[in-house]
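Each remark here refers to the structure printed beneath this line.
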Amino acid sequence: MQRVNLSTVSEFLLVGLSDAPEVRFLLFVLFLIIYLATMAGNITILVAIATDTCLHNPMYFFLGNLSLLDILCPTITVPKMLEALLLENKVISFTGCMLQLFFLIDVVGTEIFLLAVMAYDRYVAICHPPQYMNIVSMKLCAHLALGTWVVGAFNSLLHTSLIFTLFFCDSNEVDQYYCDIAPMLALSCSPTYSRELVILTVAGVLGSSAFVVTLISYIYILMAILYMNSSESRHKAFSTCGSHLTVVCLFYGTTICTYVRPSSTYSPDQDRIVSMLYGILTPLLNPIIYSLRNKEVKCALRRVISQV
């Protein structure tokens, strides 16, 4: 295995979104507004959950974790992108690139597992309502949430170690606005087949496991809803699960397109668009989706905003 210090590259050059000055400024303003709106939306959700006793239950505990991840995800990549757009500083150190990839994969992996846990929580709430508080206790919630963060960190550590023990030489241009797996593999001058196989296997096993848990949970939820006698009960159940299901579809679809595939299919332009969907737009949309479809969250948000 090649060692990191054998690489002749000590820093990387991130290829920006555009080199035209007028376009760069417009993109800077656009992404700055999106980033600030994302921070404001998710921080408001966190404050509402922390201060409103009505939201001190498992569902909103997990939603708080999701909002925290949605704060971290764009914070890992967007500030550097904004710096490149405004100051044309596209250089990132070897260590900085490694840390950026580690934290990004960590957050993305953790969110995938957290969405599966949230699906299980909704399954218990709808299919076993009398036993809900006994099954999904706050102690279990804390263990499940901690488990998603720990598994996400170990998964990221494996991916990062596989990427940054490759040999980098000749070109140092990363064909993306942040350090990611596919462009780093494309940049390496070492054989990457065995590492790609490990990355795809690990990502496939963990990702498919989370997806299967989510899918089975929603199959049982749908069956339970169809057997409900009251249209009001069905509407309430759909309203409770609709927000989470929308977030699942947005996040799973974009991350699978990005990470669960061989590097031979890597397309820089396409990947920039897809990565923006899960890395920038989804964290912006999540608080909007949950607040629009949930009366309790809307009431809590009104109280927070009125106090501010």
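Our numbering is plain: 1 for the first residue shown, then up by one each step along the chain.
Backbone N, Cα and C atoms are what each Cβ position is placed from, and that goes for glycine too.
TrEMBL annotations:
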type	residues	note
DOMAIN	41-290	domain 'G-protein coupled receptors family 1 profile'
TRANSMEM	25-48	transmembrane segment
TRANSMEM	60-78	transmembrane segment
TRANSMEM	98-120	transmembrane segment
TRANSMEM	140-168	transmembrane segment
TRANSMEM	197-225	transmembrane segment
TRANSMEM	237-261	transmembrane segment
TRANSMEM	273-292	transmembrane segment
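Put simply, of 25-48, 140-168, 273-292, the stretch with the most CB pairs closer than 8 A to the transmembrane segment (197-225) is 140-168.
Packing against the transmembrane segment (60-78) from elsewhere in the chain are residues 31, 35, 38-39, 42-43, 45-46, 49-50, 100, 103-104, 107-108, 110-111, 114-115, 117-118, 121, 138, 141, 145, 148, 177-178, 247, 278-280, 282-283, 286-287, 290, 296-297: each is 6 or more residues past its ends and has a CB under 8 Å from a CB in it.
Mean pLDDT, taken over the domain 'G-protein coupled receptors family 1 profile' (41-290), works out to 85 on the 0 to 100 scale.
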